[in-house]
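Copied over from TrEMBL:
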DOMAIN    4-137  domain 'Alanine dehydrogenase/pyridine nucleotide transhydrogenase N-terminal'
BINDING   Arg15, Lys75  substrate binding site
ACT_SITE  His96  active site, proton donor/acceptor
BINDING   Ser134, Asp198, Arg203, Ser220, Val239, Leu240, Val267, Ala268, Ile269, Asp270, Val298, Ala299, Asn300, Met301  NAD(+) binding site
ACT_SITE  Asp270  active site, proton donor/acceptor
Amino acid sequence: MRIGVPKEIKNHEYRVGLTPASVRELVAHGHEVLVETRAGAGIGCENAHYEAAGATVVDSAEEVFSRAQMVVKVKEPQPAECKMLHEGQILFTYLHLAPDPIQTRLLVESGVTAIAYETVTGPRGGLPLLAPMSEVAGRMSIQAGAHCLEKAHGGLGMLLGGVPGVAPAHVTVIGGGVVGANAVRMAVGMGAHVCVLDRDVDRLRLLDAEYGSRITTLYSTREAIEQQAVAADLVIGAVLVPGASAPKLLSAEQVSAMKPGAVLVDVAIDQGGCFATSHPTTHDDPTYVVDSVIHYCVANMPGAVPRTSTFALNNATLPYTLALASKGFPRAVADDAGLLAGLNVHRGRITYRAVADDLGYDWAEPLELLGL
Ligand SMILES: NC(=O)C1=CN([C@@H]2O[C@H](COP(=O)(O)OP(=O)(O)OC[C@H]3O[C@@H](n4cnc5c(N)ncnc54)[C@H](O)[C@@H]3O)[C@@H](O)[C@H]2O)C=CC1
Ligand SMILES: CC(=O)C(=O)O
Ligand SMILES: [Mg+2]
């Protein structure tokens, strides 16, 4: 198969869909790989590294999109990229369609077969292609929150861990999945007072077993969330209902009742955000203030640490990229129900239920649509 890797064009997005090592694996399996010039420059992977791995470096995104049978990216295609996609082509990347009606319409119109990293499920459950970036974003959320809590950045002027004789900051993590568990790890490590909420008691059991009395676990109810919001110095939004728009867990009134200078880091912003006052921001301008509460809502947090992130992402995606390239579509998804769960759009139809429901499309049952 001919696989194409364009340079990412989202704000401060330096990750790249394939590393030279991944290219080498694909080429060894008999595939052809086209890489847009300087696609990996942001992580120190230059054209020469890709050429040494067996890729052909091409001058433009247009050439990648027009010639590739499968486009492998990181972030959801931007409008200019959507317009270059075509029927019969596979797009393998993060999509986050439920909160993004414009991208969804453009993908439907293009006729492309779009497989979303974030809804692929693993043989033991979980979301193996979301997990590595959730590990990165969960860890970063505490760094970002600590930065925002500094007075010069509008925050309360608190050190997360306090010092001897002065209490640490109160950090509340809503959602104890991959992002949440990684946020908890960093916050505990920095000496904060940490409280984590989930509505899955098994997640809370795991965190309790790991941290014991160093954290508080709470079942996630409206009441518990409201009480935490007024007590917290830093709140991390880390919930997910796979594929669907994030549930809004704090209303504008509840945000306004928070301490002036408190910080909200809405990691779930890529699925629309879990606080009513959240809207997506960029690494160029990551924060804004609503009712004296600092909001950090960057939708591509791992893009800030692209070296760590690109390699972690490729470790997870490579087996799936190889399966799609070697078996083709639809054989690869017919052989792996977890990969089939990644299929969001195919030839103008929405094949992921939560996306269809959230955006008002008729849902096409994927096995039926593909005749499997
Ligand atoms: N902004 C960014 O750059 C990034 C954002 N993300 C996003 O972070 C979010 C979380 O991802 P993961 O941790 O991997 O998901 P996950 O599935 O591992 O964990 C989500 C957790 O939320 C819990 N949950 C659902 N509804 C809840 C509620 N009402 N109250 C409390 N907990 C609730 C679930 O039980 C689950 O444990 C996703 O939207 C993901 O796309 C991930 C990576 C980067
Ligand atoms: C998951 C996601 O949105 C990201 O890594 O940017
Ligand atoms: Mg206020």
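Note that Cβ sites are derived from N, Cα and C of the backbone, with glycine treated the same way.
In terms of DSSP helix, strand and coil, the domain 'Alanine dehydrogenase/pyridine nucleotide transhydrogenase N-terminal' (4-137) has 49 helix, 24 strand, 61 coil.
Comparing CA positions across the recorded positions Arg15, Lys75, His96, the one lying closest to Val267 (NAD(+) binding site) turns out to be His96.
Under DSSP, Val239 (NAD(+) binding site) is assigned to coil, being neither helix nor strand in the three-state scheme. In the three-state DSSP classification, Arg203 (NAD(+) binding site) falls within a helix. Between the candidate binding-site residues, Val239, Val267, Ile269, Val298, the densest Cβ environment within 10 Å is the one around Val267. With a cut-off of 6 Å between Cβ and the nearest atom of ligand 2, the recorded positions Ser134, Val267, Asp270, Asn300 reduce to Asp270, Asn300. DSSP classifies Asn300 (NAD(+) binding site) as coil under the three-state reduction. Looking only at other Cβ atoms within 10 Å, the busiest spot among the binding-site residues Ser134, Asn300 turns out to be Asn300. Taking Cβ-Cβ distances under 8 Å and a sequence separation of 6 or more, the neighbours of Lys75 (substrate binding site) in its chain are Glu8, Lys10, Glu13, Arg15, Thr93, Tyr94, Asn300, Gly303. Cβ neighbour count within 10 Å across all protein chains ranks Arg15 highest among the recorded positions Arg15, His96, Arg203. Comparing His96 (active site, proton donor/acceptor) with Asp270 (active site, proton donor/acceptor), their Cα atoms are 6 Å apart once rounded.
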